[in-house]
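Structure first, commentary second.
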């Protein structure tokens, strides 16, 4: 079909041509009109835009509907803009109803590289004669009075024909040519058709009371279509005068659209010359008056006054036609009708409307809001998204434009309209808010919103614009519409890490799965473009070439880094991991950061003895017997895989047996001879425990047993090879090697300091000795003197006394053994009853006291138990029973515990406690500590004892006495020894009675009753009548407790009548 171009009158042609050229130069837009018939087959070509617009079509040219349109009605081919009928076809009656003209209007955009063009297309759908007229009813009854005048019109029901124009209803006639009636078909001012039965001659009911006629309705199609209906006319005999309107059959009224409700339009004063009820006229709207008119206008039934009942709107309807019927009330009332035409006068009461249609994206679904708005605009209806329908602007609109859009890109189509007429309906539009967008005229009442600059969503994500439309009325009305343009995100930003390098520290031996750190990257884009995921970049780690993914892992969502294995500082000290952050855009952008994982050392390696190599945890060093003191006899080398303080090694010799004769450099590992081995026989073995520890917290240690074997000869024994930088080789003349292995330089300031320190030490020791002696003498004077007993059979010099260990070893014969307590040599104190002159020479005492060297006491002693075969004092270890041990000799203190006596060693008689009792200083029965000595029971007793302490032959006659329950303390020793035999007080350890050997507890305290025999001992305790010799106990290595037969106890003479005779077998039952 060729396009229909209507250029108007010749006088307006130059003006239209000028306007067309101006529009083409600015917007490159044009209006094209086509026409087609309804019921055309789907696919029928209506026209081609490219040909009709004389456009050169290239490969990049495309035509697209500006708004989403119902493709079932019309289709636009994208390549050349060819318009065709859709699959559903075009039905004019369904699209436009009874409208005289049916036009489909829409906009098409032509895109190319050079420019884009907006084409306004109007397609007129022409009617075809596809519908025949039809009567509402097949039988139509009509009544007419016999007194009706010629020309009386009787309304008939109009046939309906859905076609319009020439194809619509054209004629309605009677089939009988000779009848007193004629049917006339008229068209009203509003376009509606009406049919009247016109009386051609007077009627006489008496001659013919009814007429049966046939109505024929015919349209103007080719060929024409027709329909018939039966018409029954009944002639009534009644009132012969009808009411008459003074205005005639037609009355016209003009009404302003802003007239208030209740305004009078017309006074219909109809008169009837008849009298009585035949002349009483009643007014009413005729049957053809539409319901809308009945709602807007009110007719008084008695007076005939026509008033305004509701507001009218010129833009909605500008003309109303009312049928008013006046009827009398006589029998067979007569009626007259009057047609009232109400014309509405326009005023400027409507503000302009603004409709914003964003550019629809290709392939947008038809259910989207943009598609619904476009379809509604194309069909000429109201905006589907507007709740108030047509004429109500939306509160705001939103468009979406990508941030990568070029300048002059189309954003939206703005359409303005005003329902007023004339100058009141002329609208102008403007855009405010930002210079990045501007408004460009498109065609009449329409504008294009285009970009005026490049956009960046990261800088401005949303533009708030304002559209203002104003008409030219007096006064003008204005509409302000907010408009939002949101910038769509594109993937133009790569993720960025907060730091290029992350430093992380982790201790070695971490558990697998341990958390290390979290890296964070930010992407300024939105949605998937800003969704950051993390991953490891593969690389080889260390010399082994393992993949970094076997060491650590990263959470793709959070960036948290976890260890997959336990790290070892000795094999891997730093792990460089490169993390890549990628977004979810297309194309994908990424960046990376370096994570340096530093492994911190832990003390997880114990020292390893390297040289000499141990055999089963033992070392053997041969030392010549004539080796000089401070000579390096061996060098110990060890290594530790840890570093720093964890790898710093310290050497120490512990548990040297039988005495301390060697020392080791704490840092160098050089073992020096510190004792004299010249008197040791070859083969003598000195054992020590070598402890090598590192500087960790806690430290790790390695131990080995070192055996020093004394060999014959004067040279040095084999030692570890000294390194070139060892202290022995690098010692300058005049210096000596210390125990720690460091070289000491004997310079003058050092000598002065040593001399001064030694002098001060000697002076302090002398002051302490004098004060101690004076204090002791004051106490002895205060007590009235010490009890001293002569030792019978004491021999001078160093001769062995009868009963001594040496004599027992030579086989001097059987004798009772004794319990001797060694004292510190040189203290000046002797046992009970023995003068100080009776003390053995220092050489003899030194030979018996362990740890003494060269006849000088070491300051330590031990509890020495003398047995039948040999003395075991050589293996006893020193132990002080009081906190002041080693400072001052302390006397033993005896305390009655309620069931047994216990002895302790204290510095003073009133200071035998080492802890607070919780009582006050003046409390009755105050005791500062538990002095029972129970902690030493199991250390002092190594094996079970059988029998009592001091049973004699007298016990068989007189029974057991108190002496049987306690050892001898005050009696003289009949068998002197070469040592100072300190008498044993009865206030010693709690006596123990034998128990079942299978029991776990091998002793219990014996209950000692207060007898006359023990009363003397108890009084001695109260008067502090005891020896001040220090008694030292040795818990680690106690000798065995003497048996009953081995204890020499003097006979105790019990007073007669003191005890009853024991029963037979009492001795065995104890």
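Each residue, glycine too, has its Cβ placed from N, Cα and C.
Bear in mind that the values here come from a model prediction, so they are computed numbers and not experimental data.
What Swiss-Prot records for 1-29 is signal peptide. Per Swiss-Prot, the feature domain 'Cadherin 1' maps to 30-135. The feature compositional bias 'Low complexity' is assigned by Swiss-Prot to 382-399, 718-736. For 382-401, 715-736, 779-861, 907-929, 1045-1070, the entry in Swiss-Prot reads region 'Disordered'. The domain 'Cadherin 4' annotation in Swiss-Prot covers 393-497. Annotation source Swiss-Prot lists domain 'Cadherin 5' at 498-609. Annotated domain 'Cadherin 6' per Swiss-Prot: 615-723, in sequence order, evidence recorded as sequence analysis. As annotated by Swiss-Prot, compositional bias 'Basic and acidic residues' applies to 782-792, 907-922. Swiss-Prot lists 1054 with the feature phosphoserine, giving similarity to another entry as the kind of evidence.
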The domain 'Cadherin 4' (393-497) - residue tally per DSSP class, helix then strand then coil: 4 helix, 56 strand, 45 coil
Stretch-averaged pLDDT - the domain 'Cadherin 6' (615-723): 84
Counts of helix, strand and coil residues, the domain 'Cadherin 5' (498-609), according to DSSP: 7 helix, 51 strand, 54 coil
Three-state composition of the domain 'Cadherin 6' (615-723), taking helix and strand from DSSP: 4 helix, 53 strand, 52 coil
